[in-house]
Amino acid sequence: MSLSAPLVLGIESSCDETGVGIVRGTELLVNAVASSMEEHVRFGGVIPEIASRAHLDAFVPTLSAALKEAGVSLAQIDAIAVTSGPGLSGALMVGVSAAKALALATGKPLYGINHLVAHVGVGVLDGGALPENLGALLVSGGHTEILQVNSLTSDVRLLGATIDDAAGEAYDKVARLLGLGYPGGPVIDALAKEGDPKAIRFPRGLTLPKFIGTAQEPGKHRHDFSFSGLKTAVARCVEQYQKRGEEVPVADIAASFQEAVVDVITAKAVRACTEHGLNNLLLGGGVAANSRLRELLAARCASAGITLRVPPRNLCTDNGAMVAALGSQLVSAGVAPTGLGFSTDSGQPVSLVSLLA
Amino acid sequence: MLLLAIDTSANASTALLRSRGTVIEVLGSCTSERGNDHSEVLASAIESLLADASGQRPEAIAVGVGPGPFTGLRVGLATARTLGFAWDVPVHGVVSLDAIALEAAADNPETDFVVAIDARRKELYWARYSSSGLLMDGPHVSVAEELPALPVYGAGAGLYAERLVASGATVVAEFADAHPGAVALGTRALRALASGEALEGTEPLYLRESDAKVPAVMKGKLL
(Lines of atoms letter the chains of each structure in order from A and count residues from 1; the text may use other names and numbers.)
(Lines give C-alpha, C1' and ligand atoms only; values in the text may rest on other atoms or scores of the structure.)
Protein backbone atom coordinates (compact mmCIF):
# COMPACT_ATOMS: atom_id res chain seq x y z
CA MET A 1 0.00 0.00 0.00
CA SER A 2 1.21 3.49 -0.78
CA LEU A 3 0.87 5.52 2.39
CA SER A 4 1.23 8.81 0.54
CA ALA A 5 -1.42 7.98 -2.08
CA PRO A 6 -3.53 5.02 -0.95
CA LEU A 7 -6.28 3.70 -3.24
CA VAL A 8 -9.45 4.09 -1.17
CA LEU A 9 -13.06 3.22 -1.91
CA GLY A 10 -15.68 5.35 -0.14
CA ILE A 11 -19.34 4.54 0.48
CA GLU A 12 -22.05 7.08 1.37
CA SER A 13 -25.69 6.34 2.28
CA SER A 14 -26.61 8.80 5.04
CA CYS A 15 -29.59 10.39 3.24
CA ASP A 16 -31.04 9.90 -0.25
CA GLU A 17 -27.84 9.52 -2.26
CA THR A 18 -26.12 6.17 -2.71
CA GLY A 19 -22.52 7.08 -3.43
CA VAL A 20 -19.44 5.05 -4.27
CA GLY A 21 -16.23 6.96 -4.95
CA ILE A 22 -12.64 5.89 -5.48
CA VAL A 23 -9.60 8.11 -4.92
CA ARG A 24 -5.84 7.61 -5.07
CA GLY A 25 -4.47 9.97 -2.45
CA THR A 26 -5.89 13.35 -3.47
CA GLU A 27 -6.69 12.26 -7.02
CA LEU A 28 -10.35 11.56 -7.82
CA LEU A 29 -10.79 8.44 -9.97
CA VAL A 30 -14.56 8.06 -9.93
CA ASN A 31 -17.60 9.51 -8.18
CA ALA A 32 -20.65 7.31 -8.88
CA VAL A 33 -23.91 8.49 -7.32
CA ALA A 34 -27.44 7.10 -7.52
CA SER A 35 -30.16 9.30 -6.04
CA SER A 36 -33.69 8.45 -4.93
CA MET A 37 -34.61 12.16 -5.02
CA GLU A 38 -37.34 11.62 -7.65
CA GLU A 39 -39.14 9.20 -5.33
CA HIS A 40 -39.34 11.87 -2.59
CA VAL A 41 -40.70 14.66 -4.80
CA ARG A 42 -44.37 13.93 -4.18
CA PHE A 43 -43.79 14.01 -0.42
CA GLY A 44 -41.92 17.31 -0.48
CA GLY A 45 -39.04 15.88 1.54
CA VAL A 46 -36.88 12.81 2.04
CA ILE A 47 -38.82 9.82 3.39
CA PRO A 48 -36.31 7.67 5.31
CA GLU A 49 -37.92 4.30 4.52
CA ILE A 50 -38.08 5.07 0.80
CA ALA A 51 -34.44 6.23 0.83
CA SER A 52 -33.37 3.06 2.64
CA ARG A 53 -35.15 0.80 0.15
CA ALA A 54 -33.51 2.67 -2.71
CA HIS A 55 -30.05 2.32 -1.14
CA LEU A 56 -30.43 -1.47 -1.02
CA ASP A 57 -31.38 -1.62 -4.69
CA ALA A 58 -28.77 0.89 -5.85
CA PHE A 59 -25.72 -0.22 -3.91
CA VAL A 60 -24.28 -3.13 -5.90
CA PRO A 61 -25.00 -1.55 -9.32
CA THR A 62 -23.36 1.71 -8.15
CA LEU A 63 -20.34 -0.16 -6.78
CA SER A 64 -20.00 -2.15 -9.98
CA ALA A 65 -20.25 0.97 -12.16
CA ALA A 66 -17.65 2.80 -10.03
CA LEU A 67 -15.08 -0.01 -10.24
CA LYS A 68 -15.61 -0.34 -13.97
CA GLU A 69 -15.33 3.38 -14.65
CA ALA A 70 -12.17 3.70 -12.55
CA GLY A 71 -10.68 0.57 -14.12
CA VAL A 72 -9.91 -0.73 -10.63
CA SER A 73 -10.47 -4.21 -9.17
CA LEU A 74 -11.47 -4.82 -5.56
CA ALA A 75 -8.15 -6.60 -5.02
CA GLN A 76 -6.25 -3.38 -5.83
CA ILE A 77 -8.10 -1.27 -3.22
CA ASP A 78 -5.98 -0.42 -0.16
CA ALA A 79 -8.79 0.51 2.23
CA ILE A 80 -12.55 1.07 2.43
CA ALA A 81 -14.30 3.98 4.14
CA VAL A 82 -18.01 4.33 4.87
CA THR A 83 -20.17 7.02 6.43
CA SER A 84 -21.09 5.75 9.90
CA GLY A 85 -22.94 8.97 10.81
CA PRO A 86 -24.47 11.43 11.27
CA GLY A 87 -27.48 10.68 9.09
CA LEU A 88 -30.69 8.68 8.80
CA SER A 89 -30.25 5.52 10.83
CA GLY A 90 -31.92 3.04 8.46
CA ALA A 91 -30.18 4.56 5.45
CA LEU A 92 -26.77 4.48 7.14
CA MET A 93 -27.22 0.81 7.97
CA VAL A 94 -27.47 -0.20 4.31
CA GLY A 95 -24.17 1.42 3.38
CA VAL A 96 -22.45 0.23 6.55
CA SER A 97 -23.66 -3.37 6.06
CA ALA A 98 -22.47 -3.35 2.46
CA ALA A 99 -19.12 -1.80 3.43
CA LYS A 100 -18.56 -4.39 6.13
CA ALA A 101 -19.37 -7.18 3.66
CA LEU A 102 -16.91 -5.70 1.19
CA ALA A 103 -14.19 -5.41 3.84
CA LEU A 104 -14.90 -8.96 5.00
CA ALA A 105 -14.81 -10.40 1.48
CA THR A 106 -11.62 -8.59 0.47
CA GLY A 107 -9.77 -8.49 3.79
CA LYS A 108 -9.21 -4.73 3.40
CA PRO A 109 -9.16 -2.34 6.39
CA LEU A 110 -12.46 -0.52 7.01
CA TYR A 111 -12.96 3.00 8.41
CA GLY A 112 -16.32 4.20 9.77
CA ILE A 113 -16.07 7.93 9.13
CA ASN A 114 -17.91 11.17 9.90
CA HIS A 115 -20.16 12.47 7.12
CA LEU A 116 -19.66 16.13 8.03
CA VAL A 117 -15.89 15.90 8.18
CA ALA A 118 -16.01 14.13 4.80
CA HIS A 119 -17.71 17.26 3.38
CA VAL A 120 -14.54 19.09 4.45
CA GLY A 121 -12.16 16.31 3.39
CA VAL A 122 -13.47 16.40 -0.15
CA GLY A 123 -11.59 19.70 -0.46
CA VAL A 124 -8.32 17.81 -1.00
CA LEU A 125 -9.65 16.49 -4.32
CA ASP A 126 -9.91 20.04 -5.64
CA GLY A 127 -6.69 21.91 -5.00
CA GLY A 128 -4.81 19.44 -2.80
CA ALA A 129 -3.89 19.76 0.87
CA LEU A 130 -6.18 21.91 2.98
CA PRO A 131 -4.79 25.18 4.38
CA GLU A 132 -4.15 25.82 8.05
CA ASN A 133 -6.47 28.03 10.12
CA LEU A 134 -9.40 26.44 8.32
CA GLY A 135 -13.07 26.85 9.03
CA ALA A 136 -15.86 25.02 7.23
CA LEU A 137 -19.44 26.04 6.57
CA LEU A 138 -21.70 23.08 5.76
CA VAL A 139 -25.17 23.85 4.47
CA SER A 140 -27.51 21.17 3.19
CA GLY A 141 -30.97 19.67 3.59
CA GLY A 142 -29.86 17.91 6.75
CA HIS A 143 -27.11 20.10 8.15
CA THR A 144 -26.12 23.68 8.91
CA GLU A 145 -22.81 23.79 10.77
CA ILE A 146 -19.71 25.89 11.26
CA LEU A 147 -16.60 23.80 11.98
CA GLN A 148 -13.07 24.61 13.05
CA VAL A 149 -10.69 22.20 11.32
CA ASN A 150 -7.42 22.11 13.28
CA SER A 151 -6.55 18.74 11.76
CA LEU A 152 -8.75 17.00 9.21
CA THR A 153 -7.88 13.57 10.61
CA SER A 154 -7.72 14.23 14.34
CA ASP A 155 -9.07 17.57 15.53
CA VAL A 156 -12.34 19.00 14.25
CA ARG A 157 -14.53 21.17 16.49
CA LEU A 158 -18.11 22.30 16.18
CA LEU A 159 -18.39 26.08 16.50
CA GLY A 160 -22.08 26.41 15.69
CA ALA A 161 -25.04 24.48 14.31
CA THR A 162 -28.74 24.81 13.70
CA ILE A 163 -30.86 24.24 16.79
CA ASP A 164 -33.88 23.19 14.70
CA ASP A 165 -34.29 22.95 10.91
CA ALA A 166 -31.37 22.77 8.51
CA ALA A 167 -31.18 25.60 5.98
CA GLY A 168 -31.97 23.28 3.06
CA GLU A 169 -34.92 21.92 5.00
CA ALA A 170 -36.23 25.48 5.39
CA TYR A 171 -35.95 25.90 1.61
CA ASP A 172 -37.94 22.69 1.09
CA LYS A 173 -40.64 23.69 3.55
CA VAL A 174 -41.00 27.19 2.13
CA ALA A 175 -41.11 25.77 -1.40
CA ARG A 176 -43.96 23.53 -0.26
CA LEU A 177 -45.80 26.54 1.21
CA LEU A 178 -45.39 28.45 -2.02
CA GLY A 179 -46.44 25.46 -4.15
CA LEU A 180 -43.05 25.28 -5.85
CA GLY A 181 -42.40 21.53 -5.47
CA TYR A 182 -39.32 19.70 -4.26
CA PRO A 183 -36.42 20.19 -3.84
CA GLY A 184 -36.89 23.81 -2.83
CA GLY A 185 -33.36 25.19 -3.20
CA PRO A 186 -32.92 25.52 -6.97
CA VAL A 187 -36.47 26.77 -7.63
CA ILE A 188 -36.40 29.41 -4.87
CA ASP A 189 -32.93 30.52 -5.97
CA ALA A 190 -34.17 30.97 -9.55
CA LEU A 191 -37.41 32.70 -8.53
CA ALA A 192 -35.59 34.99 -6.08
CA LYS A 193 -33.79 36.59 -9.02
CA GLU A 194 -37.14 37.99 -10.19
CA GLY A 195 -38.17 39.26 -6.76
CA ASP A 196 -37.19 42.04 -4.36
CA PRO A 197 -35.08 40.70 -1.46
CA LYS A 198 -36.06 43.76 0.61
CA ALA A 199 -39.83 43.49 -0.03
CA ILE A 200 -40.49 41.70 3.25
CA ARG A 201 -38.24 41.79 6.30
CA PHE A 202 -38.21 38.19 7.51
CA PRO A 203 -36.61 37.40 10.89
CA ARG A 204 -32.93 36.48 11.19
CA GLY A 205 -32.84 33.58 13.65
CA LEU A 206 -30.73 33.83 16.85
CA THR A 207 -29.43 37.32 16.11
CA LEU A 208 -30.78 39.09 19.20
CA PRO A 209 -28.12 40.36 21.63
CA LYS A 210 -29.23 37.87 24.32
CA PHE A 211 -28.27 34.98 22.00
CA ILE A 212 -25.19 36.62 20.48
CA GLY A 213 -23.50 38.24 23.46
CA THR A 214 -20.08 39.72 22.73
CA ALA A 215 -16.78 38.29 21.51
CA GLN A 216 -15.53 38.43 25.11
CA GLU A 217 -18.72 37.06 26.63
CA PRO A 218 -20.41 35.05 23.89
CA GLY A 219 -24.13 34.31 24.24
CA LYS A 220 -25.32 30.73 24.25
CA HIS A 221 -26.12 30.74 20.54
CA ARG A 222 -23.53 33.17 19.19
CA HIS A 223 -22.61 30.91 16.26
CA ASP A 224 -25.83 28.84 16.09
CA PHE A 225 -28.67 29.00 13.60
CA SER A 226 -32.45 28.66 13.75
CA PHE A 227 -34.70 28.49 10.71
CA SER A 228 -38.00 27.15 12.01
CA GLY A 229 -39.20 30.63 13.05
CA LEU A 230 -38.37 31.93 9.59
CA LYS A 231 -40.41 29.16 7.99
CA THR A 232 -43.36 30.04 10.24
CA ALA A 233 -42.98 33.73 9.41
CA VAL A 234 -43.22 32.88 5.70
CA ALA A 235 -46.35 30.80 6.35
CA ARG A 236 -47.99 33.68 8.29
CA CYS A 237 -47.05 36.11 5.53
CA VAL A 238 -48.65 33.91 2.85
CA GLU A 239 -51.78 33.56 5.01
CA GLN A 240 -52.08 37.35 5.37
CA TYR A 241 -52.13 37.83 1.61
CA GLN A 242 -54.68 35.02 1.20
CA LYS A 243 -56.88 36.43 3.98
CA ARG A 244 -56.97 39.78 2.24
CA GLY A 245 -57.79 38.04 -1.03
CA GLU A 246 -54.64 39.41 -2.62
CA GLU A 247 -52.34 37.59 -4.97
CA VAL A 248 -49.34 36.13 -3.12
CA PRO A 249 -46.15 37.84 -4.38
CA VAL A 250 -44.28 34.57 -4.70
CA ALA A 251 -41.08 35.99 -6.22
CA ASP A 252 -40.76 38.71 -3.56
CA ILE A 253 -41.36 36.18 -0.78
CA ALA A 254 -38.78 33.79 -2.30
CA ALA A 255 -36.21 36.59 -2.63
CA SER A 256 -36.86 37.94 0.88
CA PHE A 257 -36.77 34.47 2.41
CA GLN A 258 -33.53 33.62 0.63
CA GLU A 259 -31.99 36.91 1.76
CA ALA A 260 -32.91 36.16 5.38
CA VAL A 261 -31.31 32.70 5.21
CA VAL A 262 -28.18 33.76 3.39
CA ASP A 263 -27.68 36.93 5.42
CA VAL A 264 -27.65 35.12 8.74
CA ILE A 265 -25.57 32.17 7.52
CA THR A 266 -22.84 34.30 5.98
CA ALA A 267 -22.74 36.83 8.82
CA LYS A 268 -22.40 34.11 11.45
CA ALA A 269 -19.87 32.06 9.48
CA VAL A 270 -17.62 35.08 8.90
CA ARG A 271 -17.89 36.17 12.54
CA ALA A 272 -17.07 32.67 13.81
CA CYS A 273 -14.03 32.50 11.53
CA THR A 274 -12.80 35.95 12.52
CA GLU A 275 -13.15 35.30 16.24
CA HIS A 276 -11.32 31.96 15.98
CA GLY A 277 -8.47 33.21 13.82
CA LEU A 278 -9.58 31.20 10.81
CA ASN A 279 -8.55 32.97 7.61
CA ASN A 280 -9.62 30.13 5.31
CA LEU A 281 -13.19 28.92 4.84
CA LEU A 282 -14.43 25.88 2.93
CA LEU A 283 -18.08 25.78 1.85
CA GLY A 284 -19.77 22.38 1.52
CA GLY A 285 -23.19 20.70 1.34
CA GLY A 286 -25.91 20.81 -1.30
CA VAL A 287 -26.89 24.43 -0.55
CA ALA A 288 -23.37 25.45 -1.63
CA ALA A 289 -24.92 25.47 -5.11
CA ASN A 290 -27.11 28.45 -4.13
CA SER A 291 -26.08 31.49 -6.18
CA ARG A 292 -26.93 34.11 -3.54
CA LEU A 293 -25.12 32.18 -0.78
CA ARG A 294 -21.98 31.95 -2.90
CA GLU A 295 -22.19 35.63 -3.89
CA LEU A 296 -22.74 37.06 -0.41
CA LEU A 297 -20.32 34.66 1.28
CA ALA A 298 -17.60 35.54 -1.25
CA ALA A 299 -18.18 39.26 -0.66
CA ARG A 300 -18.20 39.03 3.13
CA CYS A 301 -15.18 36.70 3.21
CA ALA A 302 -13.27 39.11 0.97
CA SER A 303 -14.09 42.04 3.27
CA ALA A 304 -12.95 40.06 6.30
CA GLY A 305 -9.73 38.83 4.66
CA ILE A 306 -10.89 35.21 4.56
CA THR A 307 -9.95 33.02 1.60
CA LEU A 308 -13.02 31.09 0.47
CA ARG A 309 -12.77 27.65 -1.13
CA VAL A 310 -15.80 26.05 -2.77
CA PRO A 311 -15.40 22.55 -4.29
CA PRO A 312 -17.25 21.77 -7.53
CA ARG A 313 -20.97 21.21 -7.11
CA ASN A 314 -20.91 17.40 -7.56
CA LEU A 315 -18.41 17.17 -4.71
CA CYS A 316 -20.46 19.47 -2.44
CA THR A 317 -23.60 17.33 -2.52
CA ASP A 318 -23.50 13.94 -0.76
CA ASN A 319 -21.21 11.51 -2.55
CA GLY A 320 -18.83 8.59 -2.05
CA ALA A 321 -15.74 10.44 -3.27
CA MET A 322 -15.74 12.67 -0.17
CA VAL A 323 -15.84 9.58 2.03
CA ALA A 324 -12.96 8.06 0.07
CA ALA A 325 -11.03 11.35 0.25
CA LEU A 326 -11.28 11.49 4.05
CA GLY A 327 -10.52 7.76 4.25
CA SER A 328 -7.38 8.30 2.20
CA GLN A 329 -6.24 11.10 4.54
CA LEU A 330 -6.85 8.84 7.55
CA VAL A 331 -4.77 6.04 6.02
CA SER A 332 -1.94 8.47 5.22
CA ALA A 333 -2.06 9.87 8.77
CA GLY A 334 -1.65 6.35 10.15
CA VAL A 335 -5.02 6.31 11.91
CA ALA A 336 -6.07 2.76 12.88
CA PRO A 337 -9.02 1.28 10.98
CA THR A 338 -12.37 0.80 12.74
CA GLY A 339 -12.83 -2.89 11.91
CA LEU A 340 -16.13 -4.75 11.46
CA GLY A 341 -17.77 -4.44 14.87
CA PHE A 342 -19.01 -0.85 14.92
CA SER A 343 -22.57 0.51 15.01
CA THR A 344 -23.95 3.34 12.94
CA ASP A 345 -24.19 6.59 14.92
CA SER A 346 -26.99 8.79 13.59
CA GLY A 347 -25.75 11.63 15.80
CA GLN A 348 -21.99 11.11 15.40
CA PRO A 349 -20.26 14.27 16.67
CA VAL A 350 -17.67 15.98 14.43
CA SER A 351 -15.03 15.31 17.07
CA LEU A 352 -15.28 11.64 16.03
CA VAL A 353 -13.63 11.91 12.60
CA SER A 354 -13.47 8.13 12.39
CA LEU A 355 -14.80 5.55 14.82
CA LEU A 356 -12.31 3.80 17.07
CA ALA A 357 -11.98 0.04 16.79
CA MET B 1 -21.15 -27.31 -1.93
CA LEU B 2 -20.06 -24.82 0.70
CA LEU B 3 -22.93 -22.44 1.41
CA LEU B 4 -23.11 -19.30 3.57
CA ALA B 5 -26.62 -18.72 4.96
CA ILE B 6 -27.83 -15.40 6.36
CA ASP B 7 -31.18 -14.43 7.83
CA THR B 8 -31.97 -11.10 9.50
CA SER B 9 -35.77 -11.19 9.38
CA ALA B 10 -35.91 -11.45 13.19
CA ASN B 11 -32.50 -12.06 14.75
CA ALA B 12 -29.15 -11.70 13.03
CA SER B 13 -28.38 -15.31 12.14
CA THR B 14 -25.68 -16.84 9.97
CA ALA B 15 -24.42 -20.36 9.27
CA LEU B 16 -21.89 -22.14 7.13
CA LEU B 17 -23.07 -25.47 5.67
CA ARG B 18 -21.54 -28.08 3.41
CA SER B 19 -23.53 -30.53 1.30
CA ARG B 20 -22.19 -33.77 -0.17
CA GLY B 21 -24.97 -35.38 -2.18
CA THR B 22 -27.95 -35.34 0.14
CA VAL B 23 -25.85 -35.17 3.31
CA ILE B 24 -25.76 -31.69 4.84
CA GLU B 25 -23.19 -30.81 7.48
CA VAL B 26 -23.38 -27.65 9.58
CA LEU B 27 -19.82 -26.34 9.91
CA GLY B 28 -20.78 -23.50 12.21
CA SER B 29 -23.51 -21.06 13.07
CA CYS B 30 -24.08 -17.91 15.06
CA THR B 31 -27.30 -16.18 16.09
CA SER B 32 -27.65 -13.00 18.13
CA GLU B 33 -30.78 -13.01 20.27
CA ARG B 34 -30.84 -9.25 20.78
CA GLY B 35 -32.91 -8.61 17.68
CA ASN B 36 -31.73 -5.02 17.17
CA ASP B 37 -28.01 -5.42 16.52
CA HIS B 38 -28.00 -6.83 12.97
CA SER B 39 -25.68 -4.27 11.37
CA GLU B 40 -23.36 -4.36 14.35
CA VAL B 41 -22.76 -8.12 14.68
CA LEU B 42 -23.47 -9.83 11.35
CA ALA B 43 -20.19 -9.17 9.51
CA SER B 44 -18.03 -10.16 12.49
CA ALA B 45 -20.08 -13.34 12.93
CA ILE B 46 -19.56 -14.31 9.28
CA GLU B 47 -15.87 -13.49 9.58
CA SER B 48 -15.42 -15.88 12.50
CA LEU B 49 -17.42 -18.66 10.77
CA LEU B 50 -15.13 -18.38 7.75
CA ALA B 51 -12.02 -18.28 9.92
CA ASP B 52 -13.14 -21.51 11.64
CA ALA B 53 -13.52 -23.08 8.18
CA SER B 54 -9.89 -22.19 7.37
CA GLY B 55 -10.96 -19.27 5.22
CA GLN B 56 -12.55 -21.35 2.44
CA ARG B 57 -14.67 -19.17 0.21
CA PRO B 58 -18.36 -20.19 0.02
CA GLU B 59 -19.58 -21.28 -3.42
CA ALA B 60 -23.05 -19.80 -2.91
CA ILE B 61 -24.99 -17.62 -0.49
CA ALA B 62 -28.57 -18.11 0.71
CA VAL B 63 -30.31 -15.13 2.28
CA GLY B 64 -33.69 -14.74 3.95
CA VAL B 65 -35.79 -12.24 1.96
CA GLY B 66 -38.30 -11.78 4.76
CA PRO B 67 -40.91 -10.90 5.56
CA GLY B 68 -39.47 -9.12 8.58
CA PRO B 69 -38.88 -5.67 10.08
CA PHE B 70 -37.40 -3.60 7.26
CA THR B 71 -34.21 -2.17 8.70
CA GLY B 72 -32.89 -5.48 10.00
CA LEU B 73 -33.96 -7.32 6.87
CA ARG B 74 -31.95 -4.93 4.69
CA VAL B 75 -28.80 -5.60 6.72
CA GLY B 76 -28.86 -9.26 5.68
CA LEU B 77 -29.73 -8.49 2.07
CA ALA B 78 -27.09 -5.76 1.67
CA THR B 79 -24.52 -8.08 3.23
CA ALA B 80 -25.44 -11.08 1.07
CA ARG B 81 -25.64 -9.14 -2.18
CA THR B 82 -22.32 -7.41 -1.57
CA LEU B 83 -20.54 -10.65 -0.57
CA GLY B 84 -21.98 -12.29 -3.69
CA PHE B 85 -20.61 -9.46 -5.83
CA ALA B 86 -17.18 -9.44 -4.19
CA TRP B 87 -16.78 -13.23 -4.26
CA ASP B 88 -18.53 -13.56 -7.63
CA VAL B 89 -20.82 -16.32 -6.33
CA PRO B 90 -24.61 -16.71 -6.74
CA VAL B 91 -26.94 -15.30 -4.06
CA HIS B 92 -30.23 -17.18 -3.59
CA GLY B 93 -33.25 -15.75 -1.82
CA VAL B 94 -35.34 -17.90 0.53
CA VAL B 95 -38.62 -16.88 2.18
CA SER B 96 -37.57 -16.50 5.82
CA LEU B 97 -40.69 -18.29 7.08
CA ASP B 98 -39.49 -21.39 5.17
CA ALA B 99 -36.78 -21.81 7.80
CA ILE B 100 -39.39 -22.40 10.51
CA ALA B 101 -41.53 -24.47 8.09
CA LEU B 102 -38.63 -26.86 7.49
CA GLU B 103 -38.38 -27.56 11.21
CA ALA B 104 -42.17 -27.67 11.58
CA ALA B 105 -42.50 -30.28 8.80
CA ALA B 106 -40.00 -32.45 10.66
CA ASP B 107 -42.54 -32.38 13.53
CA ASN B 108 -44.81 -34.45 11.18
CA PRO B 109 -47.95 -32.33 11.30
CA GLU B 110 -51.10 -34.16 10.17
CA THR B 111 -52.53 -31.25 8.21
CA ASP B 112 -51.48 -28.07 6.45
CA PHE B 113 -49.95 -25.68 8.93
CA VAL B 114 -49.17 -21.99 9.32
CA VAL B 115 -45.87 -20.31 10.18
CA ALA B 116 -46.22 -16.90 11.85
CA ILE B 117 -43.73 -14.37 13.21
CA ASP B 118 -44.12 -10.92 14.75
CA ALA B 119 -44.79 -8.15 12.24
CA ARG B 120 -45.10 -5.47 14.96
CA ARG B 121 -48.07 -3.05 14.93
CA LYS B 122 -50.20 -5.87 16.39
CA GLU B 123 -49.92 -7.93 13.21
CA LEU B 124 -48.24 -11.14 12.07
CA TYR B 125 -46.24 -12.11 9.02
CA TRP B 126 -47.51 -15.56 8.09
CA ALA B 127 -47.75 -18.21 5.38
CA ARG B 128 -49.55 -21.51 4.92
CA TYR B 129 -47.56 -24.69 4.24
CA SER B 130 -48.51 -28.28 3.28
CA SER B 131 -47.83 -30.95 5.89
CA SER B 132 -44.62 -31.77 4.00
CA GLY B 133 -43.49 -28.13 4.26
CA LEU B 134 -44.33 -26.77 0.80
CA LEU B 135 -45.37 -23.11 0.68
CA MET B 136 -49.08 -23.07 -0.32
CA ASP B 137 -50.19 -19.49 0.35
CA GLY B 138 -48.51 -16.26 1.39
CA PRO B 139 -46.59 -14.74 2.91
CA HIS B 140 -49.16 -12.26 4.18
CA VAL B 141 -49.30 -9.61 6.88
CA SER B 142 -52.47 -9.38 8.96
CA VAL B 143 -53.97 -9.51 12.44
CA ALA B 144 -54.04 -12.89 14.21
CA GLU B 145 -57.75 -13.42 13.54
CA GLU B 146 -57.17 -13.69 9.78
CA LEU B 147 -54.95 -16.77 10.03
CA PRO B 148 -56.49 -20.10 8.87
CA ALA B 149 -57.82 -22.44 11.60
CA LEU B 150 -54.71 -24.64 11.52
CA PRO B 151 -51.74 -25.43 13.78
CA VAL B 152 -49.55 -22.30 13.99
CA TYR B 153 -45.76 -22.60 14.35
CA GLY B 154 -43.35 -19.78 15.19
CA ALA B 155 -42.90 -16.89 17.60
CA GLY B 156 -46.01 -15.19 16.22
CA ALA B 157 -48.08 -18.04 17.67
CA GLY B 158 -46.60 -17.50 21.11
CA LEU B 159 -47.23 -13.77 20.89
CA TYR B 160 -50.96 -14.01 20.07
CA ALA B 161 -51.77 -17.47 21.49
CA GLU B 162 -55.10 -16.50 23.06
CA ARG B 163 -56.40 -14.66 20.03
CA LEU B 164 -55.32 -17.45 17.65
CA VAL B 165 -57.03 -20.10 19.76
CA ALA B 166 -60.15 -17.95 20.02
CA SER B 167 -60.36 -17.79 16.23
CA GLY B 168 -60.00 -21.57 15.79
CA ALA B 169 -56.25 -22.02 15.24
CA THR B 170 -54.01 -24.07 17.50
CA VAL B 171 -50.66 -23.02 18.93
CA VAL B 172 -47.78 -25.49 18.69
CA ALA B 173 -46.17 -24.93 22.09
CA GLU B 174 -42.68 -26.25 21.27
CA PHE B 175 -42.41 -23.70 18.44
CA ALA B 176 -44.01 -20.77 20.28
CA ASP B 177 -40.76 -18.81 20.43
CA ALA B 178 -39.17 -20.03 17.17
CA HIS B 179 -37.53 -17.42 14.89
CA PRO B 180 -36.17 -18.01 11.39
CA GLY B 181 -32.59 -19.26 11.71
CA ALA B 182 -29.76 -19.50 9.21
CA VAL B 183 -29.09 -23.23 9.74
CA ALA B 184 -32.62 -24.19 8.68
CA LEU B 185 -32.64 -21.54 5.96
CA GLY B 186 -29.36 -22.85 4.53
CA THR B 187 -30.60 -26.43 4.75
CA ARG B 188 -33.73 -25.45 2.86
CA ALA B 189 -31.60 -23.78 0.16
CA LEU B 190 -29.19 -26.72 -0.20
CA ARG B 191 -32.06 -29.21 -0.54
CA ALA B 192 -33.68 -27.03 -3.17
CA LEU B 193 -30.43 -26.67 -5.11
CA ALA B 194 -29.78 -30.44 -4.91
CA SER B 195 -33.23 -31.22 -6.31
CA GLY B 196 -32.94 -28.62 -9.07
CA GLU B 197 -35.71 -26.46 -7.58
CA ALA B 198 -35.49 -22.79 -8.53
CA LEU B 199 -34.93 -20.41 -5.61
CA GLU B 200 -36.12 -16.82 -5.30
CA GLY B 201 -34.21 -13.70 -6.24
CA THR B 202 -33.12 -11.40 -3.43
CA GLU B 203 -35.94 -8.85 -3.63
CA PRO B 204 -37.11 -8.17 -0.06
CA LEU B 205 -40.66 -9.16 0.91
CA TYR B 206 -41.63 -5.94 2.65
CA LEU B 207 -45.40 -6.59 2.34
CA ARG B 208 -46.04 -3.03 3.54
CA GLU B 209 -45.43 0.32 1.88
CA SER B 210 -43.57 3.05 3.74
CA ASP B 211 -45.88 4.98 6.07
CA ALA B 212 -45.26 8.27 4.32
CA LYS B 213 -48.33 10.33 3.50
CA VAL B 214 -48.33 12.98 0.81
CA PRO B 215 -48.76 16.28 2.74
CA ALA B 216 -51.80 18.41 1.92
CA VAL B 217 -49.62 21.27 0.68
CA MET B 218 -48.09 18.97 -1.94
CA LYS B 219 -51.57 18.39 -3.31
CA GLY B 220 -51.90 22.11 -3.93
CA LYS B 221 -54.36 22.73 -1.07
CA LEU B 222 -52.85 25.94 0.28
CA LEU B 223 -52.08 28.00 -2.77
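Keep in mind that glycine also has a Cβ here, set from the backbone N, Cα and C atoms.
TrEMBL annotates A:Leu138, A:Val139, A:Ser140, A:Gly141, A:Gly142, A:Asp172, A:Gly185, A:Asp189 as substrate-binding residues; of A:Asn31, A:Asn279, A:Asn280, A:Asn290, the candidate listed for that same site is A:Asn290. In the three-state DSSP scheme, A:Ser140 (substrate binding site) falls into the coil class.
Straight-line distance linking the Cα atoms of A:Asp318 (Fe cation binding site) and A:Gly185 (substrate binding site), rounded to a whole number, equals 15 Å. The record assigns A:Leu138, A:Val139, A:Ser140, A:Gly141, A:Gly142, A:Asp172, A:Gly185, A:Asp189, A:Asn290 to the substrate site; their largest pairwise CA distance measures 18 Å. Take the CB of A:Asp318 (Fe cation binding site) and look out to 10 A: across all protein chains shown you find 26 other CB atoms. A gap of 13 Å separates the Cα atoms of A:Gly142 (substrate binding site) and A:His119 (Fe cation binding site).
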